[in-house]
Each structure stands twice: as structure tokens, then as C-alpha cells.
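Per TrEMBL, these features apply:
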type     : residues  : note
DOMAIN   : A:96-489  : domain 'ABC transmembrane type-1'
TRANSMEM : A:102-123 : transmembrane segment
TRANSMEM : A:130-149 : transmembrane segment
TRANSMEM : A:169-190 : transmembrane segment
TRANSMEM : A:197-214 : transmembrane segment
TRANSMEM : A:226-246 : transmembrane segment
TRANSMEM : A:253-270 : transmembrane segment
TRANSMEM : A:282-302 : transmembrane segment
TRANSMEM : A:309-330 : transmembrane segment
TRANSMEM : A:370-388 : transmembrane segment
TRANSMEM : A:424-445 : transmembrane segment
TRANSMEM : A:471-496 : transmembrane segment
């Protein structure tokens, strides 16, 4: 395995080198780097600046030599200067964090949502849910990102912020949402007519009731979870995780999940002094502790189902931690709302200019800026993942080993999660690496629409200025992360498919 | 279903005739595929929509020396009527609308009074040309590279596939943007060729895979034993068996192509002013969204209509060529 990965890495590096030459060459011949100086009134000054720039960009040597000069600098850790003489690494540093945040958030969300919905869609093939999603996927494939992003700006930010001034949902809208949710759950539930109708009714009442309560109590003007919601969500996710990973047939995993949720809730009640003003290091540490606690509880309570119980405990711990995190963040919403003058969803930039706040407030600020670009990026990848997962799940469900699993009397849940799901993921991992490149391309467009000063902006500006060093810096990060994602996909592949590990 | 039993004819009663009546109607591969395609309703809808868009775009304002039926042009300004609001109305009067009406400026006018219908039609024409060019170029390159690599194996394959890997390492939009930065200045044909030159990698890999398995088949063996030249084996014996993969990919390349071209034009790297494409129109009127939303809506709707119908046609073709995973229940 290690040899396999090492060989892959070496090949990737050479591929990247060849690709970097193409990018350098393409950028260098894209136009006239002096275009902005040719129009200057003062001839003498223009001449002088041109001379300086010619010197700085090595324009007197051929493009190939210029590439090797750049490459030589790169090996000493120097990204060079742009044509105006600014250091590229100075511009790059703030740009990278903004863009990577955006790209990674969109990719992770797309994988989680796309895979989940793809599987449900495959399990309920030919249902209304399936047909609707298929159509939606086709629509998403056909949407131009920039058009959607501008629409999101108009409706997701400007109109939504206006609505937040008096956040009540009119009754007809509530009913429409409730009917839609009822229909979706009816198709997802499947099975006998009675089961489907029950699902329809329950989902309708639950959605309508929830929306009505939220609207009437003015929840949207000060969203938050509070003690009761945290309690309900923690134990709800404990039950959900148990259902997905272990099922309810044996008690120990369920007990492990409930115990983990209970420990998490107790921590939540006592966490005020620790989480008042944390930092990312502390959050990371707490997440590790949470996983350890979940694993420990699973180990202690697991009995014969120890492995399952440990998995259930760890996943529950992560989810409960996430719920607590969201609750703390929303606690500072009131302050934040006041400070941005009632417009929490932002349309421009990666953070509010000159915004200084505590950990939670600046976190909320980032989230408010991140949400719309992420949605725009999510749309395309989501469709790809849904289609791929659905196709691969359908193929797997027809395999002999799934029939064997069913015929030996396993429950449908075990068949799907243990025998089919893992195998269905194998082709999806190869998609990951491909899709990541597409998301980076999408980020260039999204950044332009939302006015982020990220890497995409750097790339477009560098290209239009015929200025290779910033473009190359962008390409190094983008290409490098594609290589990393390729490696991750390979590791996931080896984990999912034992045949690769053995050979 | 690829086969169908015809009704036995009761007038003739001999056993052999009855058996013949039960027999399967012979159809060529082409007929079977055509029948499957025409049963795919979404694909037919897509074809009708795409045809309508193409006819509308080319017949309305005309192209080259041919005049169109629309009396306004996409470059002449006029006085702005009614704030440039669109006069197109689709809501019949008994529903509270203004009745079905085309009007003076169906898609409205922009801020200097240019008829927006003519402008959008011009953009559609340009975007369609680029999209089809991308489809043709990328299919031609992808199929040739894949066929050569898959058929000749050895060093040829290694070189071609490494080159493909290098191109894949650069995100498509980035590569297309870099080439378009130079080619966009040279007009839309150069732009289409440039984008087509970077979007062929997926097809090359698919075709190579097909060739790798097909070249080991007996019929290729037989052809080779009969002394057939490589060129003839590739084009006459193997290529027809991969035509499904190629056609479906070509369709999807067109759909991807229009999205890529409009995105580049939106970024200012594709079709440049004074020429327009659907993408550059959106870029131009993006800020008009709150005040004159129609300037923003129409180009987008045309992009989605074209891309969606091409995608549906591609889906129908895929089902027709490879019915293993049809969406429509038989």
C-alpha cells in the first residue's frame, strides 16, 4: 500500500510539473503585459516603467527560460513578485484561507447530502421522490453557476434579510411546505399503503406544527436551540445513529448511544466557563475528547456488540458536540444581528470589514458570508454525487451477494448498510477527485459574483494582467489540493475495497 | 423492449405459418435504437425545445446575409418605452393578464433602448455556435486519442494517456480560461476551438477503455488474420461498436460547452464586447437585477433551456444505446 501511494505521489508530482509549464506558457502568451502602460500620457514615465517591468518579469528571455527561472525560485520557497512588484506570497496568504474554506465546505456538504439522497433515491426507485430528484439533478446540471449565484444574492440575501425584519410565515406557505414534506416522506417511507399514509400524515402535521410554532414565537428573529432543544436533538441523534449503524435488535449499542448523549448533555450544562470564549485549538481538542469518550462508553457497555457500540458511541459523540457548537454560536446571534444592522446574510466578501468580535461572533460572521457561495457551489456537485450514488447503488442492489444477504434472513437495514452501502461507495470515491477540480473552477466564478478577494480573484486578475506568478501560485494550491484529494480518494478506495489492499 | 411479437394471422392455419406468426420481427440495430430513443419522452421534449430555440434564434434576427423576420436589430438604439419593461404577455386576459401578446419589445429594452429580444437572440446564436464547436472539437480529439491509445497500446498509449493526465491535472475551467484569454480576442470560432481542445479528456478515457476490450474480440482477430490494415480495423470494425459512447459524450460535451462558454464570457474571458453571448449579457446586466430584472432573467432562461434540453437528449441517447439502466420503467 505504502509503495503504491508513493508511486502515485511521484507520478502526480511529475504530472503537476508538466501541467504547471502549460499554465505558465498559456498565461505568458495570453496578451500584452504592458497594455496598462501604453495609454499613459507621460511618454518618459511610461518608458521608465516599461523598462522596470521588463526587468522584473524577465521579458527579454524566452518563455521556456522564464518558466525555469520561476521554477528555480519556487524550489527556494520564493513565489516571486507580480508585475507591479508586490510579493505573491503576501497576496496569497489571506486568499488561500478564504477559498479553501469555501471549497472544502461545499465539497463535504455535497458528498454527505449527495450520497445520502442518492441512496434513498435508489432504494425507492421509480417513486415520486426518485423522479423529482432525477429531474432536479438534470436541472442542477444545466444551471450556470454565476446565474444561480446572482439569484441567490437577490433572494437568499437581500429579500431574506428584508423578511427577517418581520419574520412570520404566512399560513398558505406553511401548508405548501407541509404538503411537500408529507409527499417526500411518503415516498421515502415506501412499503404498504397504510405505512405511506401514516408517513404522509405525520410529516404533514410535524412540519406544519414546527413552522407555525417557529413563526408564532418569533424564533427567526432570535434563533437558538436552548436546553430543551439540545436535549431532544442529542437523544434523537443517538437513536438515529443507532438505527443506522447497529439497529435496535440488540440493546448494548443503543445503551452506549444514549449514555454518550447523556454525558454530552451533562457536559453541555456545565460547559459555560470553558466555551465562553474558546479558540479553534480548544474546539479540536474537545472533539477528540468527545470521540474518545464515545469510544470508551461503547467499549464498556458494548458486550457482544462491542465494535458496533464503539462506532455508535463515537458518531453520537461527534453529533452531540456539533449540536452544542451550533447552540453556542446561535447564543451570540442577538448581538451579531444588532452589529450588522439586521442584515446577517451577507452578499460581499468573506467577512464584514473591520468586524471585531469574540470567537462565536466572528464564527457567525464567517458563516453568514459563507452560506450563499457554498450553496451556489453545492448545487452542481450535489447533482453529480446524487446521480453517481444512485446509479452505483442500483447496480449493487442487483448483485448476488445482496440477494444472499436477503435470503439468509438479514433485515433490510443490515442488507443496505452493511452489504450494499459500502460497495456502492467504491465508484463514488473516484468521483471525489474529479469533482474537486470542478469545484475549484466553480469557486473562481462564485468568488467573482460574491466579491471575495480569494484565490479565484487572484487568478482572474493575474490572467487579465498577463502576469504569470499569481496565476502560478493559484495553480500550485489548486493543483496541489487536487493531488491531495486524489490521494484521499485512493485511501478511501483501499479502505472500502480490500482487494486493493492485498495486492 | 427491442423485440415485439406480431399478431398471428388466423386466416392461414398451417402450423409453419403459425410458428412464423409468433416469430420476432427483425429490426436492425439502428431501428431498435431509434425506437428506444423516441419512446424517451424527456428526450423528445428536449429535442423539440432545442429545435425551437435554434429556429427562433436564427430566423428572428437572421444571420450573415439572410435577413430575419424581426424588424429590430441588436445594435441600434431607440427611445426607451415604459422604462424598458417587456411587452411579452403570456397570461390570458380572463386570468387578469394582458392576453397573449408579443408587443413592441417582447423582452424589454436595455438602458440605451436596444431591443432586448434581438440582443438575446444574437447572444443565443453566438453561444450555440461556440457550444456546437466545442462538442465537435472535443469529440473528435477525444475519440481519436482514445482510439489510438486503446488500439496500438505500448508506448503510444503511455504517451497519450500521460498527456491526458497532465490536462486533467488542470481544472477544466482554469485551462479553458487560460486558452480563452488569448483565443477570445480572435473571435468565437477560435474560442470554440480552444475550449474544445481542453474538454476531451473524459471521452478519451472512455473510448480507450472500449477499445482495450474490443481489440481482443474474435471479430478483430478475424479481421487481422485476413490481413486488414489497422486503419480499416479501427474505423470499420471497432469504431462502430463504440459509437454509442461517443454520441452520448458528444451531446454532454455540448451541454457542458454552453455552460463553460457562458461562464468564461461572464468572467470577461470568452466572447468579448462589442460581440455578445448569453454569458456576457448576464455579466453586463447583473447589477440591473433589482431594478430591471428582465435584463438578467432572459439570457439565463435561454442558457438553462438549451443546456437542459441537450442533457435530456443525451439521457435519451444513453438509454437507447445502453438500456441497462433506463429511468423509465418498462
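Glycine residues also receive a Cβ, built from the backbone N, Cα and C atoms like all the rest.
No curator has checked TrEMBL annotations; they are predicted automatically.
Since we're looking at a predicted model, the values are computed, not measured.
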Legend entry - the transmembrane segment (A:471-496) touching the transmembrane segment (A:226-246) per 3+ Cβ pairs under 8 Å rule: no
Legend entry - Long-range neighbours of the transmembrane segment (A:309-330), counting only residues six or more past its ends (CB under 8 A): 223-226, 229-230, 233-234, 237-238, 241-242, 245-246, 252-257, 259-261, 264-265, 267-268, 271, 275, 283, 286-287, 290-291, 293-299, 301-303, 360, 363-364, 367
Legend entry - Cβ contacts the transmembrane segment (A:282-302)/the transmembrane segment (A:253-270), at least three under 8 Å, sequence gap 6 or more: yes
Legend entry - Positions whose Cβ lies under 8 angstroms from the transmembrane segment (A:471-496), at least six residues beyond its ends: 1, 4-5, 8-9, 12-13, 16, 19-20, 23-24, 27, 70, 74, 79-80, 88-89, 91-92, 96, 99-100, 103, 422-423, 425-426, 429-430, 432-433, 436-437, 440, 455-456, 458-459, 462-463
